[in-house]
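What Swiss-Prot lists as region 'Disordered' is 1-20. Swiss-Prot lists C61, C62, C126, C156 with the feature [4Fe-4S] cluster binding site, giving sequence analysis as the kind of evidence.
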Amino acid sequence: MGEVKETKTNNSKENPEEEVPGVITTTTSAIHNFLKKTKAQDIINWGRKNSLWFMTQPMGCCGVEMIATGCAHYDTDRFGIIPRNSPRHADVMIISGYVTKKYLPALKRLWDQMPAPKWVIAMGDCAISGGPFYESYSTVQNIDEIFPIDVYIPGCPPRPEALIQGFVELQEKIKARKDRGTEY
């Protein structure tokens, strides 16, 4: 009559390392090999890069663009970028808009309350160079002499896409440990 053909099945008791097409398997040995080849600092930086919690200082028109960035259309949560209201829970400070001499001590105090490691993003022409208020008696110029700016996002105001790109650049700096933020 007919011949009975043997069919090969993936029985985990026979060969647990056998690959099944379309199925991703992780074995303990693969995890151990990954950990042996990876430095602990690289794993820590991977976690830091994928969980940036930022505190905003919305001054001027850049604050409106920051609010737009937080809407569902841009979905910054997919990058691990989450806003925080407390400086003690944030590791990124976004300085946006102009900084006045009266506001500077409060901004420094918020910076001091943030735990290390911490990073700073300067968003908008006003934060970077003073913008149209450059020659004003009350505007602080050269904010990068006061705070260690890691990423500059130019524009007046920069679009939400530019802010997201700035976060991606910061993530790459953290991954490569080329950020000039505070010590670890």
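Each residue, glycine too, has its Cβ placed from N, Cα and C.
Compared over the binding-site residues C61, C62, C126, C156, the count of CB atoms lying within 10 A of a residue's CB peaks at C62. In the three-state DSSP classification, C156 ([4Fe-4S] cluster binding site) falls within coil. In the three-state DSSP assignment, the secondary structure recorded for C126 ([4Fe-4S] cluster binding site) is helix. Under DSSP, C61 ([4Fe-4S] cluster binding site) is assigned to coil, being neither helix nor strand in the three-state scheme.
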